[in-house]
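This report refers to the structure that appears directly beneath it.
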């Protein structure tokens, strides 16, 4: 567990938006949204969430940690797949309620649990009044079924 804490969000809007103190604004669930892009080419890789512990561990280790809302657990990105995200730069938006990580992905250079480089591999369209998804043709860079298989009992 990290010992790093974050100061309370300042009530002064100018201090929040222009000041030099990082005081992330966590939502009522204790999370902040994180947008992740490739540090070299800018490709959008994923959107995730961090709680205070994940954020502190990311700052302290330089490896991205997130909070899994579906598993309700801390998640070190790449721990199972080997596709760790080395943080090159972290930015916050004007009111400090969202973060942007620029990362170098290690391992297979894949970010998505499907084995693809990006979680954004489908385009959204509208055909005959219905939402459609079209795969962009990107192929998995590793065998996700093998990598994430459950051990047999």
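Just so it is clear, glycine is given a Cβ too, placed from its N, Cα and C backbone atoms.
Annotation source Swiss-Prot lists Mg(2+) binding site at 93, 95, 97, citing sequence analysis. Taking Cβ-Cβ distances under 8 Å and a sequence gap of 6 or more within the same chain, the neighbours of residue 97 (Mg(2+) binding site) are 24, 25, 27, 32, 33.
If you look up Swiss-Prot, you'll see 94, 112, 119 marked as Zn(2+) binding site. For residue 94 (Zn(2+) binding site), the same-chain residues lying six or more positions away in sequence with a CB closer than 8 A to its CB are 17.
For residue 112 (Zn(2+) binding site), the same-chain residues that are 6 or more apart in sequence and have a Cβ closer than 8 Å to its Cβ are 45, 46, 118, 119, 121. Within 10 Å of the C-beta of residue 95 (Mg(2+) binding site) we count 11 further C-beta atoms, all protein chains included. Sequence-distant neighbours of residue 93 (Mg(2+) binding site) (same chain, 6+ apart, CB under 8 A from its CB) are 99, 100.
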